[in-house]
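For reference, TrEMBL has these:
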- Asp204: active site, proton donor/acceptor (ACT_SITE)
- His302: active site, proton acceptor (ACT_SITE)
- 42-52: compositional bias 'Basic and acidic residues' (COMPBIAS)
- 60-302: domain 'Endonuclease/exonuclease/phosphatase' (DOMAIN)
- 1-53: region 'Disordered' (REGION)
- Asn206: site 'Transition state stabilizer' (SITE)
- Asp276: site 'Important for catalytic activity' (SITE)
- His302: site 'Interaction with DNA substrate' (SITE)
Amino acid sequence: MKRGKKAEEAVAADGENDSGSASAKKTKKTKEPEAPILYEDPPDKMTSKDGRSANMKITSWNVDGLRAWVKKGGLDWVREEAPDVLCLQETKCAEKDLPADITSMPEYPHKYWAVSDDKEGYSGVAMLCKTEPVKVTYGIGKEEHDKEGRVITAEFPSFFLVTAYVPNASRGLVRLDYRKTWDVDFRAYLTELDVQKPLVLCGDLNVAHQEIDLKNPKGNKKNAGFTPEEREGFSQLLAAGFVDSFRELYPEQANAYTFWTYMMNSRAKNVGWRLDYFVLSSSLVPGLCDSKIRNKALGSDHCPITLHLAV
């Protein structure tokens, strides 16, 4: 997710001392800065509510440029995490330019890439699988959305896995109208799939759904990712029978973010946004074991997230 200068300022306005008199604000520079509140990813839970053991592990990561992420050692982390399926967003890499380090990975013999038709080095998603899916499709069947390489869907025996890089409403909200159209069409696509078999949706959904999902809600209500329209789009997705897995397990957990702008030392201060999700069909929720935010993993302006599921 990219932000303009104005948005960066709003993101940074993390309200170290929102209350207080004008004179207190004048002397703020001499005050000790507040210690950041960090999120500690708890130990992984490997058993579902209905007592089944996790047998499917999926990791999703917006890598903000695949080639740079590989150079920063992203694949070392992946090998350690060892998911059954790895989903990547914002790969920004034409297929001909994919690094050999990732195309030759023996751990994932089944690799799928979607790239932008229009602009090279823009958008793009990938899915790397240990076992071969029954079927793989690209896009959502609408040309206006499918030229930017934003969606891959893999059908597995008991569920669909959809990875998505949802369009950003952009600086000045210049793409907000387009985003609203996307939200409606994408929801229709997911609902149609869900009739056939349940699904897991993962990726950078480019929205912080509730105030708890970003550090500075007050300063960002008119910024991409936290407009009422985008938040309502996500609410409507949930109302259509889908569940935000992280909030299902951790409804009150604050300071749990997956994106931090590179500016103003935001990551060290944990001034972030939760933009990356595992959204499940409601029928998969009984098998939900854990939904993880791996915020210690570096290499991008997003961190990876991991889902443990019993299917």
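From the backbone N, Cα and C atoms, a Cβ is placed for every residue, glycine too.
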Spatial neighbours of the compositional bias 'Basic and acidic residues' (42-52) not adjacent in sequence (6+ beyond its ends, CB under 8 Å) are 249, 286-290, 292, 306, 308-310
Smallest number of other CB atoms within 10 Å: among the recorded positions Asp204, Asp276, that is Asp276
Rounded to a whole number of Å, the separation of the Cα atoms of the residue listed as 'active site, proton donor/acceptor' and Asp276 (site 'Important for catalytic activity') comes to 4
Here the mean pLDDT of the domain 'Endonuclease/exonuclease/phosphatase' (60-302) is 97
Checked against DSSP, the composition of the compositional bias 'Basic and acidic residues' (42-52) is 0 helix, 1 strand, 10 coil
Students should find that the Cβ of Asn206 (site 'Transition state stabilizer') has, within 10 Å, a number of other Cβ atoms equal to 25
In all the protein chains shown, the tally of other Cβ atoms within 10 Å of the Cβ of His302 (active site, proton acceptor) is 25
If you measure between the CA atoms of Asn206 (site 'Transition state stabilizer') and Asp276 (site 'Important for catalytic activity') and round to the nearest Å, you get 7
Asp276 (site 'Important for catalytic activity') and the residue listed as 'active site, proton acceptor', compared by Cα position, are separated in whole Å by 8
